[in-house]
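According to Swiss-Prot, the protein has these features:
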type	residues	note
ACT_SITE	ASP44	active site
ACT_SITE	GLU116	active site
BINDING	GLU40, ASP113, GLU116	Mg(2+) binding site
DOMAIN	5-127	domain 'RNase III'
DOMAIN	154-224	domain 'DRBM'
Amino acid sequence: MSVSLSRLERQLGYTFKDQELMVLALTHRSFAGRNNERLEFLGDAILNFVAGEALFERFPQAREGQLSRLRARLVKGETLALLARGFDLGEYLRLGSGELKSGGFRRESILADALEALIGAIYLDAGMEAARERVLAWLTTEFDSLTLVDTNKDPKTRLQEFLQSRACELPRYEVVDIHGEPHCRTFFVECEINLLNEKSRGQGVSRRIAEQVAAAAALIALGVENGHE
């Protein structure tokens, strides 16, 4: 094992028994051979479970939608990339020449994906308890800063954070119709996101309100919120 990977293990707070798992977790798809996408898939599932379980225990009075929004804040790409930068993870990534030249080692999505892959690798290396312990340790500051007040955000913000947590494209809003006189208009808006086959719709006395209604409809269609909160 190289000195550099030993340093990364110290930063992560975990020593791998199988060093090949660690190397694979750091290997981007642009690099020749096997890559970290399968480990990322596994790590994403573990991260969401561990975060959800911890939130369930920490906020016993929270409703389902509130827990979902808190979890989205914890596992979003921005949060994971920030953690990854704290570990200097970009220095250890195995990237293809094109990604290296374009600065892929600094890219938020690549850093977040690699951290999820490391979670998956730790799980395969030592089991669920080891993975849970590391996730909770890494997210201690984020967990301690959460309150239920954080769930009192408007639907557009909640939808954006949910999509960002899954590395999805942001929603696209379009005014498709306007009814009424200038002093008493009704705006009709459609919200399009890649995760849904159909556009979500909203209407209101202003474009802003119509967009919020459309975003709320999208959250319900995604199953993030049930519409009864």
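Every residue, even glycine, has its Cβ placed from backbone N, Cα and C.
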For the domain 'DRBM' (154-224), the number of residues DSSP places in helix, strand and coil = 26 helix, 20 strand, 25 coil
Counting only residues outside GLU40, ASP113, GLU116 in the same chain, those with C-beta within 8 angstroms of the Mg(2+) site's C-beta centroid are ASN36, GLU37, LEU39, PHE41, GLY43, ASP44, ALA112, ALA114, LEU115, ALA117, GLY120
What does DSSP give as the helix, strand and coil breakdown of the domain 'RNase III' (5-127)?
-> 90 helix, 2 strand, 31 coil
Lowest local Cβ density (other Cβ within 10 Å) among recorded positions: GLU40, GLU116 | GLU40
Measuring Cα to Cα, how many angstrom lie between GLU40 (Mg(2+) binding site) and GLU116 (active site)?
-> 5
If you count the other Cβ atoms within 10 Å of each Cβ, which of the recorded positions ASP44, ASP113 comes out on top?
-> ASP113
Between ASP44 (active site) and ASP113 (Mg(2+) binding site), what is the CA-CA distance rounded to a whole number of Å?
-> 8
